[in-house]
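Encoded as structure tokens, the structure appears first; notes follow it.
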């Protein structure tokens with residue numbers, strides 16, 4: 001059964017999911033879970049370390065298992081990892097159980113936000129070293145091209161590379177409440 005009060009935030013790494021998610025949850029009176037942080041708490045390892053030691057496929061299995069534990073909750077905002085929708089099982093579960101919201105940013109904005117980050121495993125060279133800004137932007141474009149069809153299947157999309165965080169949260173709150181009103185007849189997402 002689909003829960004209108006189970007909201008999944010998707011978007012590329014650096015799009016604002018972990019920053020906007022808790023603020024949106026507060027605005028709606030919901031709880032918040034960052035799926036990557038939940039995986040880190042369960043395993044005692046950072047996402048980067050899991051990728052380095054166990055590989056991406058192992059991480060994606062952990063991601064699916066962790067996702068399954070939250071899909072029966074309501075009044076919850078879940079920040080997904082940037083690649084979570086690449087798993088058919090994760091994608092199907094998310095679309096069946098809740099409302100998908102895409103936080104969209106362009107590759108230039110994402111490059112500016114991510115070029116100084118060292119904890120993003122998919123933005124490292126094959127040998128694990130740091131990429132140049134040009135290489136980072138190229139990798140972001142490649143990953144966006146692969147992921148955007150699923151990102152674009154979201155019920156609600158908000159641009160996050162323009163404007164301020166507060167106005168983005170207000171826009172999301174309005175759009176979510178409008179969607180809930182339209183689909184359930186309730187006046188708010190509560």
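The backbone N, Cα and C atoms fix where each Cβ goes, and this holds for glycine too.
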Check Swiss-Prot: it lists 36, 60, 147 as binding substrate. Then name which of 82, 98, 185 it lists for that same site. 82
Under DSSP, is residue 60 (substrate binding site) part of a helix or a strand, or is it coil? helix
Densest Cβ environment (other Cβ within 10 Å) across the binding-site residues 17, 147 belongs to 17
What three-state class does DSSP give residue 147 (substrate binding site)? helix
Listed in sequence order, residues with CB under 8 A of residue 18 (ATP binding site) and six or more positions away: 34, 36, 37, 79
List, in sequence order, those binding-site residues among 60, 82, 147 whose Cα sits within 10 Å of the Cα of residue 17 (ATP binding site). 82
